[in-house]
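Just below is one structure, and these are the notes that go with it.
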Amino acid sequence: MIPVVALVGRPNVGKSTLFNRLTRTRDALVADYPGLTRDRKYGRAHLSGYEFIVVDTGGIDGTEEGIETRMAEQSLAAIEEADVVLFLTDARAGLTAADEAIAEHLRRREKTTFVVANKVDGIDADSACGEFWALGLGEVYQMAAAQGRGVTNMIEYALTPYAEAMGLTRDGEGEEEADERQYTEEEAEAEQQRLQDLPIKLAIIGKPNVGKSTLTNRILGEERVVVYDEPGTTRDSIYIPLERDGQEYVIIDTAGVRRRSKVHETVEKFSVIKTLKAVEDANVVLLVVDAREGIAEQDLGLLGFALNVGRALVIAVNKWDGIDQDVKERVKSELDRRLGFIDFARIHFISALHGTGVGHLFESVEEAYESATRRVSTSMLTRIMQMAQDDHQPPLVNGRRVKLKYAHAGGYNPPIVVIHGNQVKKLPDSYKRFMMNYYRRSLKVMGTPIQVRFQEGGNPFEGLNTKKLTVSQERRRKRMMSHIKDKKK
């Protein structure tokens, strides 16, 4: 499983700055979808060869009301379930009572915690950080998140034990190179074959009390009983095998499948980290939304994360029965307005309690998975690229036309198209979006994001041992060029 890093600390110590720096390599993917909220509290990071989930738990006051009451339940859950906690402090402000209250809470939890003294730029860092040793959480690490100083070393130190335990490999890539990595055609082919031999992993996610457990029980059959309060189920999602119409599935249940008597509980413990890990591990994500409440910011945040990791999407609007027609029209209008950035995802209106519309969900799940894993040949992708250029030529860059040469598959789930050419790194985002939409229409991709990446064509003469002209050869060359110009006149 991918490691989870939680950022903890009082307000204004630099958590958001560090969060943005860690996740910035993925922001461009979200920017391709206008209308998606950018105010995210969790995201996927890729730094120095490590991939991990980072969660900003929000600021904690540590006032006299007590830390337990001041922290949101989800922030507490994030600390409980994270693999690593980075406890940020302000080196310029020094040690505060709020810092001590947070440290006391973390000591009681016995979490793997690293104290980070942020904002050490422009001050005597060693003397400023000395007092933070009194927190009793071990070594104090210096960082200037705004400038990026100490960030990479901190992450490497914090994640190395987890990387070794989970078999993650360090490839030594820097931030830029890691994000630009492309699958070769051979790797993409192998990935596609691997996916064909595995069951479809379907993660059912959503806010508390939208009917995830009811829907899961409806899919599995009411007679299926899985005990929720077993050891281990509080941290990890439950993986349930299922066969339907000859297709094998694995349902990843983030809410926990309750006994029938408990399905209608009014309060459900929601775990952000459990949900994010389920999205990471899934092939297709089924987002359940309550028709009576509509799309919430939390839903948009989950959708943004699913897009970032390239998962296929299906949306189920639950509790559709018993709503007046005018309310239904209003809900549909809101969905069109707020979900325009994922117009490729199928939306189903269902009643998990009564089973209405549930069967059709699997048609969209299979369609999305087929789109995400369908093999497309290099010749087909190159032909579509040429058709797109005929419809809309690439722009001029410094007086020269950007030249696109050929395209091939770079990966699956999500489908990745790699286009090779000259000056492609200078292409404007508008043209990149045009190419992405052109491929989506041409390939009839439905239910999954599609990524188009551009790779600079190599210089075939680079590295050749070209000899420098002698003085006499240089003179002869000039005479020949002059002669050619005279003839043209």
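If you go along the chain as it appears here, the first residue is 1 and each next one adds 1.
Here the Cβ of each residue, glycine as well, is placed from N, Cα and C on the backbone.
Straight from Swiss-Prot, the features:
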DOMAIN    3-166  domain 'EngA-type G 1'
BINDING   9-16, 56-60, 118-121  GTP 1 binding site
DOMAIN    200-373  domain 'EngA-type G 2'
BINDING   206-213, 253-257, 318-321  GTP 2 binding site
DOMAIN    374-458  domain 'KH-like'
Worksheet item: Going by C-alpha positions, which of the binding-site residues (LYS212, THR254, TRP320) is nearest GLY9 (GTP 1 binding site)?
Response: THR254
Item to complete: List the residues of the same chain that sit at least 6 positions away from TRP320 (GTP 2 binding site) in sequence and have their Cβ under 8 Å from its Cβ, in sequence order, or write 'none'.
Response: ALA291, LYS328, PHE349, ILE350, SER351, THR356, GLY357
Discussion item. What does the structure give for the C-alpha distance between ASN12 (GTP 1 binding site) and GLY206 (GTP 2 binding site)? Integer Å is fine.
Written reply: 30
Worksheet entry | Three-state composition of the domain 'KH-like' (374-458), taking helix and strand from DSSP | 32 helix, 26 strand, 27 coil
Fill in: binding-site residues (ASN12, ASN209), the one with most neighbouring Cβ atoms at 10 Å
ASN209
Practice prompt. Would you pick out, from the binding-site residues LYS15, LYS212, the residue whose Cβ has the largest number of other Cβ atoms within 10 Å?
Written response: LYS212
Discussion item. Long-range neighbours only, meaning 6 or more apart in sequence with Cβ under 8 Å: which ones does GLY206 (GTP 2 binding site) have?
Written reply: LYS212, LEU287, VAL288, VAL289, ASP299, LEU302
Discussion item. Considering Cα atoms only, can you say which of LYS15, THR57, VAL120 is the nearest neighbour of THR254 (GTP 2 binding site) among these binding-site residues?
Written reply: THR57
Worksheet item: Counting only residues 6+ apart in the same chain, whose Cβ is under 8 Å from the Cβ of VAL120 (GTP 1 binding site)?
Response: ALA91, ALA128, CYS129, GLN142, MET143, ALA144, ARG149, GLY150
Discussion item. Please report the distance from the Cα of THR57 (GTP 1 binding site) to the Cα of ASN209 (GTP 2 binding site), rounded to the nearest angstrom.
Written reply: 22
Fill in: Other CB atoms, at most 10 A from the CB of THR254 (GTP 2 binding site)
24
Worksheet entry | Cβ neighbour count (within 10 Å, all chains shown) around GLY9 (GTP 1 binding site) | 27
Discussion item. Distance check, please: Cα of LYS15 (GTP 1 binding site) against Cα of ASN209 (GTP 2 binding site), rounded to an integer number of angstrom.
Written reply: 30
Worksheet, complete the sentence: Per DSSP (three-state), VAL120 (GTP 1 binding site) is coil
Worksheet item: For the domain 'EngA-type G 1' (3-166), what's the model's average pLDDT?
Response: 75
